[in-house]
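These come from TrEMBL:
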- 167-189: transmembrane segment (TRANSMEM)
- 229-256: transmembrane segment (TRANSMEM)
- 268-288: transmembrane segment (TRANSMEM)
- 300-323: transmembrane segment (TRANSMEM)
- 335-359: transmembrane segment (TRANSMEM)
- 382-409: transmembrane segment (TRANSMEM)
- 421-447: transmembrane segment (TRANSMEM)
- 459-479: transmembrane segment (TRANSMEM)
- 491-518: transmembrane segment (TRANSMEM)
Amino acid sequence: MLENKECERLCTSKYSKSDSVFVNRNIRASYNHNWIIDGLPVASVVKDERTDTTFYGPGFHIGEVDSKNNAHLSNHFVITIEYHKRGEDKFRVVGATAERHSLDRTGVASDASNDKVCSLDLNPVQLSKEKESDVLFTYSIQFKESDVAWATRWDKYLHVYDPKIQWFSLINFSLIVSILGIIIGHIIVRTLKNDIVKYNEVNLDDDISDESGWKLVHGDVFRPPKQRLLLSVLVGSGLQIFLMSFITIGFALFGLLSPSNRGSLSTFTFILYIGCSFVSSFTSAYLYKFFGGENWKLNMILSPVLVPGILFGVIVLLNFFLISVNSSGAIPMGTMVVIVIIWFLVSIPLSVLGTILASKKPLISVPVRTNQIPRQVPVQPWYLRTIPVMFISGIFPFGSIAVEMYFIYSSLWFNKIFYMFGFLFFCFLLMVITTGLITILMIYYTLCSENYKWHWKSLFIGGGCAIYVFIHSFFLIGGEKLGGFTSFVLYTGYSIVISLLVFLCCGSVGFLCSLAFVKTIYAQIKI
């Protein structure tokens with residue numbers, strides 16, 4: 001500590017022709033070094049042109065590309081460690097930056113002085129693809145006293161990129177949610193009220209061939225949907241993902257999941273997801289029982305296995321691609337086995353408990369009886385069919401999180417620290433509220449067109465924003481930035497996983513809101 005070093009020789013590495021090609025390609029692809037000193041990432045000093053401020057960007061490039069498109073490997077690093085003095089012989093690291101240089105020592109003697117070995121006048125290193133290359137790595141360390149306290153040492157790393165955009169997005173979609181709320185309020189307070197008054201004056205035993213509307217499907221609206229088992233499992237899994245996301249973002253909002261605790265966010269999310277297995281199985285079993293399902297044992301098995309199993313299978317498949325390219329980001333097989341063991345030891349018992357409690361809970365009463373013979377569904381307008389209505393409805397919830405998705409993807413793929421959980425929390429609430437409102441609106445129009453098959457449609461309407469999340473992911477990164485087939489597969493695969501999670505989360509919100517809406521309006525009419 002506090003011992004400066006100049007031009008310390010670290011090692012000499014040999015690069016074969018194939019290694020040289022590999023390193024040069026990664027330099028052009030802007031690969032980074034990611035070092036850690038006392039829990040802090042070794043950073044490069046970055047200037048934000050929009051706000052004219054400087055901050056610390058985690059990591060630094062492994063090399064640079066000159067104007068002639070020649071790649072130069074960095075092999076000399078000047079590390080500056082900032083420390084805060086607390087008292088006599090008490091110091092704390094509050095910052096770490098690195099300045100990199102590319103210095104070709106081919107013509108420098110092995111016993112040359114440090115001034116010659118680390119002279120910045122040396123030509124840059126250029127790895128040859130025609131022959132082996134020897135590269136000497138060196139480093140210097142400088143200690144610099146700082147007034148920054150230990151409690152605020154992360155402030156330099158946590159930089160808000162153009163906060164005006166986020167405020168604009170938040171205010172903009174708050175207005176959209178308000179407008180949607182007014183529309184829904186108009187429907188519920190005025191339109192539905194008039195409908196209920198009119199329908200209560202109609203005798204359904206009379207000839208009402210000229211009548212139309214949502215009351216006419218009262219005898220079928222609570223008819224169990226097709227594939228009731230699958231629907232109940234998906235809704236339960238979606239509610240599990242929703243609770244996991246909501247609680248995680250809430251904890252992060254209050255600073256309980258600081259980026260200084262590396263891995264705390266992912267660990268907390270995994271534990272919370274397992275803990276919410278109880279809610280998933282309870283919801284799934286209760287809905288399945290509400291739909292009249294009898295194979296409760298299969299429901300109990302599928303609830304903790306179906307969606308988590310698919311997610312785990314996709315991640316394992318993508319992990320094999322990482323292993324095939326010798327990536328350090330590959331998940332070890334031991335970790336995979338531990339995840340499976342924890343899942344079966346914790347999630348399965350919680351799921352069994354949730355199913356048992358759901359079986360003992362009395363069912364919610366439905367306000368109308370279901371006819372024995374299903375009613376024929378008339379031809380639906382094109383905009384109320386499943387696929388078009390998903391695209392129409394999905395744009396509103398997606399708009400509320402579009403900006404935050406950009407920063408989340410930047411954090412995942414471009415080595416940026418995401419910490420703006422305040423914006424994320426309110427955008428998440430806007431997305432949930434918008435999803436519920438737009439799903440209720442579309443289900444109302446669906447019932448008005450005498451289509452009582454609202455169950456699956458509400459799930460797809462609510463999850464419609466997942467389509468835009470997936471499409472948006474490819475606008476965040478150009479095809480030229482994806483270095484090869486493996487990178488493309490990984491990016492596409494993880495984007496599909498994220499979109500699937502968004503679909504289940506929003507779809508379950510849409511379904512539960514629609515169920516409450518349908519039950520409420522049909523309880524107001526006299527049959």
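Just so it is clear, glycine is given a Cβ too, placed from its N, Cα and C backbone atoms.
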Non-local residues, at least 6 beyond the ends, that sit with Cβ under 8 Å of the transmembrane segment (167-189): 396, 399-400, 402-404, 423, 426-427, 430, 433-434, 437-438, 440-441, 444
Two-stretch contact, the transmembrane segment (382-409) and the transmembrane segment (335-359), at least three Cβ pairs under 8 Å: no
Per Cβ pairs under 8 Å, the stretch of 300-323, 421-447, 491-518 packing most closely against the transmembrane segment (335-359): 300-323
Criterion met for the transmembrane segment (491-518) and the transmembrane segment (268-288) (at least three Cβ pairs under 8 Å): no
